[in-house]
């Protein structure tokens, strides 16, 4: 089986924000681990629900266990990314990479659904005050915003994919030379 099955091989970058791809991977891993730990700490103190208005506290209390598990998984995947980079074990980077690609797919689905929800909201509220030109300009701005966000997310995931491929190729070359 090839390196990163299902991920396009044409993803190629040599750096990310002036950092090498390895350094970018370490930054993303440490940042992900830090934010997950901080979120877990915040959720475990119980202050999350108390700071919300009364009408949202019941819904928030149902949401906390899901957020806790999500942050726990995110922290574990960020930790695996760090270990994979530091110990040159590319397979430990796979969960983080696949989690990011799943997130990109979900982001794209949400970006496609939101305009329909907004239009349905305008129609159901009999809100005809919005001019056609205003609606078109709003939609164009929304599309530009979505494309910019998607490009940024892909730009930040690409170095991890590239470094994972580099490590895999390095290991494959070491195995072929020792054989």
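For all residues, glycine too, the Cβ spot is worked out from N, Cα and C.
All annotation found in TrEMBL is predicted automatically rather than curated by experts.
Over in TrEMBL, the protein carries these features:
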TRANSMEM  21-43  transmembrane segment
DOMAIN    36-114  domain 'DUF7027'
TRANSMEM  63-86  transmembrane segment
TRANSMEM  98-123  transmembrane segment
TRANSMEM  135-162  transmembrane segment
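Fewer than three CB pairs closer than 8 A are found between the transmembrane segment (21-43) and the transmembrane segment (98-123), and contact between the two stretches is not assigned (pairs 6 or more residues apart). For the domain 'DUF7027' (36-114), the predicted model reports an average pLDDT of 89.
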